[in-house]
Amino acid sequence: MAGAGPISETLPVVSVPSMLVDGGRFLKWDDQDLACSIYILEVDQLGHVLSWKPEDFSKDTEVLDLVHVRDVRTGQYAKVPKPQDIRARDAIKMYSAFEHESNLMQERTITIVYGSNFVDLTFINFVASSVSEAQEWTDALFKCTNNLLEFNSSPLKCLERFFTRIYVQKNQEGEIPTKILVKAFVNNKEDKKRAYGTLQSVGIASGKKETILVKDFTFERFLAFYNRFVTRHDLDGVFAELGAKNKPYLTTDQLVDFLNNRQRDPRLNEILFPYYDISGAQAIVNTYEPNKAFADKGYISIDGLTKFLMSSDANILLPGKLQIHQDLTFPVAHYFINSSHNTYLQGHQLTGKSSVEIYRQVLLAGCRCIELDCWDGRTEEQEPVITHGMTLCTEVPFKDVIEAIKESAFKTSEYPVILSFENHCSAKQQKKMASYCLQIFGDLLLNKELEECPLLPGVPLPSPKMLKRKILIKNKKRDIKVSETKNSNLFAQSIDLNISGVMLEISNMEDIPEDGELKEVVPKSEEEETPEVEAQQELSELVNYFQPVHFRGFERAEKVKRYYEMSSFSENAAMNLLKEQPVEFVNYNKFQASRIYPKGSRVSSDNYIPQLFWNAGCQLVALNFQTLDVPMQLNLGKFEINGRCGYLLKPEHMRRHDRTFDPFVESTVDGIIAGTVQVRVISGQCLLERRSGTYVEVEMYGLPADTVRRKYRTKVVSNNGLNPVYDEEPFKFKVILPHLAELRISVYEENGKMIGHRVLPVDGLSPGYRHIKLRNESYQPLCLPTLFVDIVTKDYVPESFSDFADALSNPMKYLSEKEKRTQQLEAFEFEESDSTVATSTPEFLAPELQNISAIKRGSIVSLQTIINQDKRDKRDPGKIALSKVNCNEDIEWDKAETLEVKAKKFERKIGEALEIQKHQCSLMYSEIKKNQNDSLGNRTQSEVFGKPESPVETLKRTFSTPSSQDNHIRHVYFMPDDGLNELEKKLQIERILYRKELEVETKKLTLNVERQKSAMQKNHNKLLKIAQAEGNYNEVYNNCLAEIKQLNIRHEQEIESLMNEQKKNMKEQFIRCYEEQYDFLKNKVEPKISELKKILHMFEVADRKKLDERHLGDMMTLKKDQDKFNRGELKDIMRKSKDKLELQKMKRVQNKKHIEQSVIERQSMKEFQEKETQILIKKYEEQINILDQRYEKMKEFQEKETQILIKKYEEQINILDQRYEKEMKELEQIFAAKCALLDSQDLQVIVPDLANNVSDVFTG
């Protein structure tokens, strides 16, 4: 998949100054024991390792690979002993060449930082005698580290680094302990014994001596030891395959063939990347062949070939991919940007420790967007701090972090750094934040818009190149005051948003996070809600091209065109947008930036797969750098290319406004050539020092259609970590979008522990036999572990057409090979008996298919006649297309039966309906086979290749019976189901229980009212008797009537409330029951629709396979006929003339005529076959559409029925309401009449009957 691109910046080669090679004298102090000693510090001439040893040789030499050094610093950021460590500080002060510099401890200290991850770091401190010496050593050492060419060294150079590492550990006598070398390869007794024997055989060590003389320890001898100890039986097979079966060498011609046909990407431009010739092959021989006699003759031995395959000339990755080769002048939204989430944390999201150092480490690793969660400091100084608010995480000062960012921001990359502020600070502390940014960053801070890119709608963002060495702040901009406007109430309302199935809540404008992040509504235990405060003017003025806003939809973003605005999405929210609006999401990311961060439930700081959102063009896919899981490994591998500058240009379809891209595409994309990658894992070298089983996994990450995970793995090779041979069948991948795909190869011990891995961009792979150097979890190179693989990259062509594609891609070559074989066979044909051969012009009639091989070739008319006849024939829609019509009929039917067996296994999961369908298919197969046997010999081509009955029609016959439209829909999609019956029974029971519950509630209310009435009646009778005796009867009587009236009113209210509640509950129950039934039926229908589509796809695959096989057979028949006809013509020519020159001329004329005619005929055949394939594809697409239409019709019917039932229910409720109101009016009239009667009569007259009247009032 290799390709060329514009190279803008060349990677520097490591050049070690003589000062470092000669070594220097330094005072070394240690954090652990605070011991201070004089050490000699030096770097080897090739810049591989840094070594230090005591001046008096009292301790062994210590060595550190420079590729593992993360940082070298001096001055303000160097480590010095704490004030209480007086002894160490005094020693440092005394070690000064100048008295006035004795107190400048930090300025004279060199701190070297290394570690296997971003958290667990080791600091080594050396103190120089002067400030200038410390600065010179710091600058020179840092240039030797973080070099991408060294990071991607070839296996041969890594062996050179390993050799250097052993060599510098010589003692004062110039001897190297043998155990150092042996232990690095193996640690078991048997292998150690073999290693010592191998050392003796190559002349490095003799006998059982425990040391190696430096004069005997050369790289050539070490390489001979390595090749002999790490036996490469896998390369013996490769060497023999290339042509060295009976001789110990390859010639330059064989080497040229190997380089051009196996080691070269066939799609490379021949001018920019010319083919190897003899001189180029001889140069390789002269460079890598150790046998001078062989080299002089142009031969290369297996040792020379091995050395070449391990050299930088055979690297797995094109060197051009490592350097900055992409155009960095597009708007910044057109790039993927290396981004970090909650950068300050070293571990857990709720209890982790915060750190200043990790900001340096992620920036040095190429990260260009880091996060700072800012909170009010609680000290007397009121200094802002960075921490994870509302958790148990520790705090670090904001100012210290800003200083660390300034120091490390542009040490490894000059391209812009984005600071993502999550601001929770008060106004006072925000002003301090703004002041620190201005003072510390100085000119590095971009606090104003560029003249070329004003902050106006429709103006693209500036490019990374325009923003070189600039720090940009992402923080909420201060809005115009709106609290006193008429619209201020809008901002105080509670807003509930449901975007893509994720509920979002914003209680007021202050609750919107200042970085524009969409916060999912999750339990507080998962993600604590921490409203942010409004940005102050001082801090707001520092924000320009990354202004976070609340996401309000793709349509609004497209309408306002404020490209300087951006939004952040949680992993879940972004996933829902990606599922529901993938094309719109990609279009949004063409102009505006989006930031994705892990969901709140990832409290252990694990990561999501970033490829999901790179597929949508999201720029800032933020990950937890402290967790080196597979997602983080993919991120580190992806951003290693392009100079590890932290910016990667997105594919063209994700940038151009006139292109539409769907990340879920499953076929090829217009303008992009899909490819295939084939990886064969052959062997491994030096994977483990101990005897243990190992295996290899190969994965592909890209678009969903390209991604293959946990599918391909080799066998486990037991008890061999030194040189296991896997030699597996190739793992094949189809890649729709190579520019976005990553190949990950990982090696594991048999217990699942990872040994190493490598992530490689598919568009940067070099095909052929390649060695892959492995990396650790933090993507640092491992010195010895290597994989040997064979990689083949091609344009994607279906397997059934691969031979045909080769012929079409180079027809002249294909025909010349045919001609060559024909000439080789002429010797046999020349000696045949002199049988007469007809020379008359053949007759071209429309042939039967079985007679096609008997037709002479001389014109395209014969083929065109077949095609025209096929167009005129009417196809039988009830027959399945057969692949061939010849003696292979039984074989074809065996294939059909195999497909049916597979279908049966699949259809068992569908249910009784699909069992019926399976039976129908079997009958259909039998009928077709019978028809084939009965009438095959007399059928035309069109009849033989008739179209099969639509599987959907078969399924229709299975599921449906003649009925009305609605009943038909109901019958097809709502067949009787035991589960549905059970649901109806359950709902019926619920309704019965609810009615009983209503009756109980009504009885309770009635009894309660009766008790109150009875008690009030007794009380009133008593009061009236007393009042009559006391002479205030009228007053008491009126009071009693008022109480009775009040009781009746309360009673009516309670009855009305109960009735309303009952009506509401009954309606809710009705709707819920209906929805449950509807959901149940829907859940039954959707899987069946899905299964029907799968079966339809199964039919399509079978038909396509048969059609492809038939097409291939037809093409082969055509080729044979053409060759046969040409041989006959050549025979006629040979018989007609004996003149050699004339004979050659006539042959050339005939061959030319044959080639031209054959090409035309084959092209016509190809066009016919393509048309036939398109007809088949179109037919199945139509069947899928029919299925979708039927499903949509069912849903429309169901929704309509729902609305009708709800309307009927509401009408019944209205009738009940009207009846209730009428009854209540009648009751009120009765009560009013009785009260009027009582008021009109003389109370003294009716006293004896008062009790009865009161009772009547109560019961009225």
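In case you wondered, yes, glycine gets a Cβ from its N, Cα and C as well.
All TrEMBL annotations are machine predictions without curation.
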Quiz prompt | Which range of 486-542, 828-884, 885-941, 1170-1226 is coiled coil, per TrEMBL | solution = 1170-1226
Quiz item: To which of the residue ranges 649-676, 705-732, 957-984, 1041-1068 does TrEMBL assign the term coiled coil?
Solution: 1041-1068
Quiz item: Glu270, Glu289, Glu414, Glu422: which one does TrEMBL list with Asn342, Glu371, Asp373 for the Ca(2+) site?
Solution: Glu422
Quiz item: CB neighbours of Asp373 (Ca(2+) binding site) within 10 A?
Solution: 22
Quiz item: Between Asn342 (Ca(2+) binding site) and His388 (active site), what is the CA-CA distance rounded to a whole number of Å?
Solution: 8
Exercise. Please state whether DSSP places Glu371 (Ca(2+) binding site) in a helix, a strand or coil.
Key: strand
Quiz item: Cα distance, His341 (active site) to Glu371 (Ca(2+) binding site), nearest Å?
Solution: 6
Quiz item: Under 8 Å Cβ-Cβ from His388 (active site), six or more apart in the same chain: what's there?
Solution: Asn342, Tyr344, Leu345, Gln349, Leu350, Gly352, Ser354, Asp373
Quiz item: According to DSSP, which of helix, strand or coil covers Asn342 (Ca(2+) binding site)?
Solution: coil
Quiz item: Expressed to the nearest Å, what is the distance separating His341 (active site) and Glu422 (Ca(2+) binding site) at their Cα atoms?
Solution: 11
Quiz item: Around the Ca(2+) site recorded as Asn342, Glu371, Asp373, Glu422, what other same-chain residues have a C-beta within 8 angstroms of the site's C-beta center?
Solution: His341, Thr343, Tyr344, Leu372, Ile386, His388, Ser420
Exercise. Name the secondary structure element type, per DSSP in three states, that contains Glu422 (Ca(2+) binding site).
Key: strand
